[in-house]
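Written below as structure tokens is the structure these notes are about.
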Amino acid sequence: MKKIFFMFFIVFGLCFANESIDGSNLAIESNLSSIAINNEIVIEANSTNVSYEANDINKAIVEANITAKSNIVESNLSPKIDENDSLSSIEAPNLAIKSVDFTLYGLYENADVVVKFVIYILVIFSLLTWSVLIAKVIEFWRYKKILKLDLFYTKKAIFLEDLPTLKENSFMEIFKNEAIIEMEKSKKLNGTKSRIRTNFEIKINSIITNAKNLTSILASIGSSAPFIGLFGTVWGIMNSFIGIAGSNDTGLDVVAPGIAEALFATAFGLAAAIPAVLFYNYIIRKTAKFANEIDEIATAVYLIADRTLDKK
């Protein structure tokens, strides 16, 4: 019985030992497989990192080659600069072009000598225009006061003796003196009236001619100022073309200064011509009205002289 129990114990121990050995073998195999898998993952990760690094290196090499080629092209295209040349002397023309002052004074300062001469002429024309206007306005204002007083006395008078003695600038006084002088010269009354009328017509023409003085200046300025401004315009456009040809550039910084000079001269030409034409038309209208009033005064004095002659 003891032998049987001992044999059974030995067999059971051997079986348990085999199972533990198999379990340990399985554990060892599982550990080995996990280690192998981890090693494979690490190797793959390292390989991908290496591949990524290789790609980055290749990209960097390509970019370096492109940069080097672009630098070579730029160095070939850019002008060669001597060591003695300073950077300020090279960049000064570009800075001067970009910093053009487009105000009226700036355009005048940057203008060509010919354009400045044109501007001087147009400024003189403009000053003459305004001076003539002021002088004629004062003159017609003075004529208006004289004519108002002359009409007042001629409407009240019947004979030459009824007319008062006024200042020499009175038109009534001028015509009255002409009539008296002619009446004193003529011994007969037959041709006296016609001679008085002729003398009045001569005086009327003289007075109207004096009233029209200085209007020829306005006519000349109004007709010539646009063409003088046009000359400055053409000269400025020529400077623009010369600037384009010299710089081989059609940019605004090259074209703008010459065009600005051209428009500047045109503006001055119009500023001188337009007021001259307007003032000329104004003075012509005022002169026509003045001529009608002078003719009215002369007619009134002639009728008074005619009545005086008939009284004799």
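Using the three backbone atoms N, Cα and C, a Cβ is placed for every residue, glycine included.
On a predicted model such as this, the values are computed, not experimentally measured, just so you know.
The annotation signal peptide is assigned in TrEMBL to 1-17.
If you look up TrEMBL, you'll see 117-138 (among others) marked as transmembrane segment.
Per TrEMBL, the feature domain 'MotA/TolQ/ExbB proton channel' maps to 189-295.
According to TrEMBL, the transmembrane segment annotation covers 217-242 (among others).
What TrEMBL lists as transmembrane segment is 262-283 (among others).
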Cβ under 8 Å, sequence separation of at least 6 from the ends of the transmembrane segment (217-242): give me the contacting residues as numbers and ranges.
112, 114-115, 118-119, 121-122, 125, 128-129, 132, 254-255, 257-270, 272-273, 276-277, 279-280, 283
Averaged over the domain 'MotA/TolQ/ExbB proton channel' (189-295), what pLDDT does the predicted model reach?
86
